[in-house]
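Going by TrEMBL, these are the annotated features:
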type	residues	note
TRANSMEM	25-48	transmembrane segment
DOMAIN	139-380	domain 'AB hydrolase-1'
ACT_SITE	SER219	active site, charge relay system
ACT_SITE	ASP345	active site, charge relay system
ACT_SITE	HIS374	active site, charge relay system
Amino acid sequence: MISLDFNFNVLTRDLSLYLENQVKVGLFGSGVLSLVLGFSAAYAYYYLISVAKKPQLISGGKKFYQFLRDQCPVVSEIYYPTFWCWESRIQTVLRPFVTAKPGVSYRNELIRAEDGGQISLDWFDNDDSASHPNAATRPTVLLLPGLTGTSRESYILHMVQQSRDLGYRCAVFNNRGVSGETLLTPRTYCAANTEDLEAVIEHIQRTNEDAPLMAAGVSMGGMMLANYLGRKGRETCLKGVVVFSAGWDVFECTASLEKPLDRFLFNSYLTSCLQAGVDRHKSVLEKSYDIDHVMKAKTLREFDERFTSIMFGYPTNDDYYHDASPIHRLKSVQVPMLCLNAADDVFSPSHAIPVEAVKQNPNLALLITCHGGHIGFLEGLWPRQSTYMDRVFKQFAKAVIEQGGDLHDLSS
């Protein structure tokens, strides 16, 4: 292990002398070179001391905690964010642009809901799986994208790729109306309502009765999963769940995104994306909602006040936000659930991460990194192929599927 106990001035002087002996001084004088080297050394020192840190692992029970330490070494490793973009907002903004989008061919299936609507499910069957050649018993991973996401998001494609490497099958649950399918009824989706998710899980289980099933949710998809588990308790076929960058208290998340810079960078953009979805299905929705009023919303809160809370029958938007906040249901979760959050995530502020609630439930574990932003977790010099989040997903998925027997009765 590299020791960080060194004399900073000596390091700067030695680096300067070395390079001055190796490089002829042209346009740059030795003073400028020394300054550049000094800054570089200072930056490296700050990065190693203050940025690169081990994540904090918290669990409500010793059994789950030890399982994660044994089966998922990533939870004990230092997370080294990409050194040139470790700041929260930069990680969040850059991730969609710098991470690669693996090529994935899906098989689409439309499921009819009880209200007459349809749900789009994208399957990656992985029929070439060497480790699980029998499709009847091939493990299945259900993936839930974020607020406006689909099966084509880079973070979803990366999890499909990781699952393919493990020999597993994937099913991506697209929320109503977001992936190009026709909206048949005047209803979309929200974090609090889990009826469509329940229908999808039951459908997957009926289709593959002998295959183990686990799930992973990102951002709002993670919130929906957590709310589902809180409602179902032990009455679910899911063997385990991993949640990334979930917002645990919607009031706090919304307030954070209404700060001037974050409103400019994220809130307004997400609001416009939601409005674009409403406009795309205007012919169906305008019979039930004041679409012109909805399209004038400037923030997520205004959009929810004018559209989401009304659609799902809440007396007020505050009632909706309370019901959508997974923190209130964590005590009822009876399935092993690992949650990854970054302490600098402006979508899910650190003071609202449910540390105390997790400590009260042996089925829960919380992994908190100092940096990573919202669904960022970039690492490496040029983070194209894999992120810290990808590694957490792959190791936990493998552990649940292949060592899941060790997760029975975590309260003991």
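Cβ atoms here come from the backbone N, Cα and C positions, even for glycine.
TrEMBL annotations: computationally assigned, not manually curated.
Counting every protein chain shown, the number of other Cβ atoms lying within 10 Å of the Cβ of SER219 (active site, charge relay system) is 26. Within 10 Å of the C-beta of ASP345 (active site, charge relay system) there are 29 other C-beta atoms, taking all protein chains into account. For the pair formed by ASP345 (active site, charge relay system) and HIS374 (active site, charge relay system), distance between Cα atoms is given as 5 Å, rounded to the nearest Å. Between the C-alpha atoms of HIS374 (active site, charge relay system) and SER219 (active site, charge relay system), the distance comes to 8 Å. Confidence over the domain 'AB hydrolase-1' (139-380), given as mean pLDDT on the 0 to 100 scale, stands at 97.
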